[in-house]
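S.K.: Below is a structure I'd like to ask you about.
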Amino acid sequence: MSSDAHSHGVNTPLDWIRIVISLFLLIFSIVIVMALIATGNTKIASDVHPAAAAVILWVCIIWMSMVEGGQASMVGLPPIDPALYKESHPKTWQICQWGHKGDNLDRYLMGRQFMVIFINFTISLAGAPLAGAEVLGLPQWIISIFLESGIAMVLTNVIIGQLTSQVNASHCMLDYINNHFMTFTYWVAALIEITGVMHTSYLIRYMCYWAAGKPVESNEPPRDGIQNLWFWGRVVWSLGILGFALAVTLTALFDGKTALWPGVPEVVGLILFFVLMCVVGLLEGMQIAFFTVAKLPKSERGDAPMALRTCECLFKNGGRNLPGFMCGRQMTVTLCFFIIARVTTIQIGEGEENIFGVSNTFQNLFNTGFLGAIITTILGSISWQLVASAFPLAFLSNPIVYIFLQLALALEATGICYAAWFLALIQKKIMGFQYDEVYVGTPEERAAKNHADNPDALNRLDMGTNLEFNDAGTFEIQKRFLSLAKLDAHYSSLREKVLSNIKDLREQIRLSETEEEKEAFEHALKLEVAALARVNKEEMESQSFNKSQLGLVEETGSTSESDEENQS
């Protein structure tokens, strides 16, 4: 078990207690959500059929797992030379050939962000309760906590559809996307970007870069006249769609034609909509700002008291607060998505006039939550990420950021999502996922084979991270962000294998019948002893590097006295 355990998921008795409690809450949530669907108490179950709602719910959750896991792999793999996995993972290689060419990774992430929000909105339509819904004879207070608040749907979606996949995809990147399910997911995201619906985000990016005094960087040559016309035409098209989406949604809110809870005044719904959009945007921007600052040396993190205080909190506790924040953030953002979906989902009663008098076909399109997803993606997600990427230290100087960091850490500390660690272990066993180092080696081994990683591959990335709440993507990035416990587990596993080989070789030397056999085994033994020395050396170097990057030691790279004693 220890070799498969992650950095802080299944290591202690307390972890297992949290896992059991989390699993109980997850199973209970699944049961009541499915019972809700079976009794026709969700929008899709009521309007279409309970079976259709159940199928749509689980298809969306399974697809979400690939959307989330795929991001971890797509963002984590660029530093690694594709030639190293072309033969072992041909589908992964082909996807990366498309996705890592020019600025295609940015385009994929843009389309993917809309997919995440739209899938969340669809899950809400399939599994969120209708007003006054009752299920399994449960008391009202349980229904209020788990169903009306959205907690049951959040636990089901976040644990199964998001965190479990992120745990494995972040350090089994090659195996996770080596399938045509990811091929399909990639091209859907790419197609969404091509339509130009999200192109307002590019305009926001240019404005952020201009305000920050930074040049707009690209991996592609400057656009020619026709390409500029095609690009800026889609920006105008996107602005028009965003304006129309806002007009329709705000009109529906003012007219009381949304799925807002009965009795809640329209003005409260309007305020709730914008407040939750700001909360989502703040949490989305925080993850980008945190990862941007994490790449900076301690001396370049500025002198703003609040920014320094936030960084100190983020990088202490052996670096575990960063993945802890990502877990708490995931829960909070998804809950906000479900509430926003409820507030913005248009609901026209019998005999009521359609919004702006449109045809029933267009009104049915409005009712899907498509317009709410567009607004949330652009104004509540991507724009905040771009601002945080352009002004990371200024973003962290906001005291509200520090408050939300503490709230996210407190939520993660409850262990409510710890079932994801257990489910990830099961998924890893069933799917046969292996760590990427098994296929392509460590960064040092890759460099020794003239396939050194490209450290600048992700410098220009404004959206997406390859460490959601757990481990990082490549081993080099693991050394930046992973807790020391994860590194210790990795090297302990390597050392255990080498020592086992040494033991076997010594036994073979003892049993050798000829001098030739004995010499061959003795030569192999020398190689294993040398390998053991390399493992020990790499472990000490990676620990020193990891602590330096997390701000746990001085920038000179000197280790603490306790480390020197351990090394000696």
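Cβ atoms are placed via backbone N, Cα and C, with glycine included.
The following feature annotations were taken from TrEMBL:
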type	residues	note
TRANSMEM	16-38	transmembrane segment
TRANSMEM	50-67	transmembrane segment
TRANSMEM	114-133	transmembrane segment
TRANSMEM	145-164	transmembrane segment
TRANSMEM	184-208	transmembrane segment
TRANSMEM	229-250	transmembrane segment
TRANSMEM	270-291	transmembrane segment
TRANSMEM	370-394	transmembrane segment
TRANSMEM	400-426	transmembrane segment
REGION	538-568	region 'Disordered'
S.K.: Sort out the residues at least 6 away from either end of the transmembrane segment (270-291), same chain, that have Cβ-Cβ distances under 8 Å to it, and list them.
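M.R.: Residues 249-250, 253-254, 314, 322, 325-326, 329, 332-333, 336-337, 339-340, 343-344, 375-376, 379-385, 387-389, 392, 395-396, 400-401, 404-405, 408, 462-463, 465, 467 contact the transmembrane segment (270-291) from elsewhere in the chain.
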S.K.: Using Cβ distances below 8 Å and needing 3 or more such pairs, separated by at least 6 in sequence, tell me whether the transmembrane segment (370-394) contacts the transmembrane segment (50-67).
M.R.: no
S.K.: Mind checking which residues reach the transmembrane segment (229-250)? Cβ under 8 Å, same chain, six or more beyond either end.
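M.R.: Same-chain contacts beyond the ends: 195-203, 223, 270, 273, 344, 346, 355-356, 366, 371-372, 374-375, 378-379.
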S.K.: Which stretch from 50-67, 114-133, 145-164, 184-208 shares the most C-beta pairs under 8 Å with the transmembrane segment (16-38)?
M.R.: 145-164
S.K.: Taking 50-67, 114-133, 145-164, 400-426 as candidates, which has the most Cβ pairs under 8 Å with the transmembrane segment (184-208)?
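M.R.: Comparing 50-67, 114-133, 145-164, 400-426 against the transmembrane segment (184-208), the winner is 114-133.
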S.K.: Which sequence-distant residues neighbour the transmembrane segment (114-133)? Criterion: at least 6 residues beyond either end, Cβ under 8 Å.
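M.R.: Same-chain contacts beyond the flanks: 33, 36-37, 39, 41-46, 53-54, 56-57, 60-61, 63-64, 67-68, 143, 147-148, 150, 153, 156-157, 185, 188-189, 192, 197-198, 261-262, 334, 337-338, 341-342, 345, 368-370, 372-374, 376-377, 381.
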S.K.: Near the transmembrane segment (400-426), which residues from the same chain, at least 6 beyond its ends, have a CB less than 8 A from one of its CBs?
M.R.: 4-6, 9-10, 15, 17-19, 21-23, 25-26, 155, 158-160, 163-164, 167-168, 279, 282-283, 286, 289, 306, 309-310, 313-314, 321, 324-325, 327-332, 469
S.K.: Under 8 Å between C-beta atoms and at least six residues away from its ends: which parts of the chain pack against the transmembrane segment (145-164)?
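M.R.: The answer is 22, 25-26, 28-30, 32-33, 36, 60-62, 64-65, 68, 120, 123-124, 127-129, 133, 135, 261, 327, 330-331, 334-335, 338-339, 342, 416-417, 419-420, 423-424, 427, 468-470.
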